[in-house]
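Swiss-Prot annotations:
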- SER391: phosphoserine (MOD_RES)
- SER392: phosphoserine (MOD_RES)
- SER393: phosphoserine (MOD_RES)
- 370-397: region 'Disordered' (REGION)
- 41-81: repeat 'WD 1' (REPEAT)
- 97-137: repeat 'WD 2' (REPEAT)
- 184-224: repeat 'WD 3' (REPEAT)
- 243-282: repeat 'WD 4' (REPEAT)
- 332-371: repeat 'WD 5' (REPEAT)
Amino acid sequence: MLGFLSARQAGLEDPLRLRRAESTRRVLGLELNKDRDVERIHCSGVNTLDIEPVEGRYMLSGGSDGVIVLYDLENSSRQPYYTCKAVCSVGRSHPDVHKYSVETVQWYPHDTGMFTSSSFDKTLKVWDTNTLQIADVFNFEETVYSHHMSPVATKHCLVAVGTRGPKVQLCDLKSGSCSHILQGHRQEILAVSWSPRYEYILATASADSRAKLWDVRRASGCLITLDQHNGKKSQAAESANTAHNGKVNGLCFTSDGLHLLTVGTDNRMRLWNSSNGENTLVNYGKVYNDSRKGLKFTVSSGCSSEFVFVPYGSTIAVYTIYSGEQITMLKGHYKSVDCCVFQSNFQELYSGSRDCNILAWVPSLCESVPDDDDETSTRSQLNPAFEDAWSSSDEEG
């Protein structure tokens with residue numbers, strides 16, 4: 001750290017490199033925080049978490065009991081040991097509570113005054129955060145597995161919705177109706193995700209073993225159907241274009257939007273080039289996945305080499321995205337983990353499990369990593385994740 005600070009002060013290093021190196025060090029030191037609890041409100045499993053991107057202070061959780069809870073993650077007590085309190089909740093006694101399991105919650109990307117939730121009760125609800133009242137409700141004919149709003153959209157207010165049916169539905173928050181439908185999958189849609197780079201690009205994952213990329217402005221079908229074999233095993237058959245050998249039940253773009261990660265019930269995770277759909281063939285080994293519905297995993301942001309955090313049974317596996325190396329397994333839950341979310345401001349991770357608990361994982365402050373200029377090679381040998389994979393083109397593109 002001191003070496004980086006001196007180099008930055010002397011103008012020998014880009015300040016961004018210091019920030020990325022420190023972010024990387026903190027992610028590599030993640031451990032269960034023994035001084036911080038998240039108030040336990042859910043009486044059954046926690047299915048979904050989301051931290052608002054404006055301040056990074058408030059977190060939503062949705063449970064199998066249909067309950068939605070809003071937490072304040074800030075330590076206002078200034079004490080070393082504290083509990084992240086629930087600010088408010090949509091409990092079982094609330095008149096507008098979801099009847100069945102809440103599968104996805106998401107903050108409105110530009111303002112904490114609104115959030116959305118979807119459930120097995122076949123509804124997508126839009127909430128006013130301040131009053132905890134419903135602003136709008138979208139009703140569907142099928143169970144809702146997943147929904148997502150674009151984090152970068154300025155020209156549309158579309159919410160992509162994946163249901164038990166094979167069609168992806170796009171709901172317009174401005175008009176309050178489903179604007180159009182994307183057809184191409186053959187079975188239920190288990191996960192949907194908008195690109196953080198291009199506002200009209202959408203990724204979808206289905207139980208038909210396929211993952212697709214769409215430009216929602218086009219009426220002629222999907223842009224790309226991801227093929228794990230990169231077209232080498234079969235030149236013609238559409239049936240050959242499968243992303244996994246089982247259900248594809250999880251999607252996540254990298255923070256720059258240049259790549260897409262998918263997970264499937266074949267116990268594999270794959271990394272794809274999001275511009276041409278090419279399988280990069282990064283080998284992550286076995287990534288255990290027995291989820292019958294969507295698996296919500298997340299990626300880091302602002303590190304020298306980015307990381308992916310994947311629920312792995314009752315643990316969370318941490319991999320470097322571009323090398324496939326497994327860094328660690330975060331152990332603390334008693335039952336299967338269904339979701340996790342990364343807080344990029346402080347490099348913290350929050351996870352939700354079927355044991356009804358939400359755990360906080362924070363950087364360990366005990367161990368320091370050598371950062372002297374003379375010890376750069378030693379640092380690289382300690383962990384290849386410290387090697388700076390950033391280039392200016394990533395930021396400019």
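In case you wondered, yes, glycine gets a Cβ from its N, Cα and C as well.
Computed from a predicted structure; not experimentally measured.
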Mean pLDDT for the repeat 'WD 2' (97-137), as a whole number?
96
Secondary structure composition of the repeat 'WD 4' (243-282) [DSSP: H/G/I, E/B, coil]
0 helix, 19 strand, 21 coil
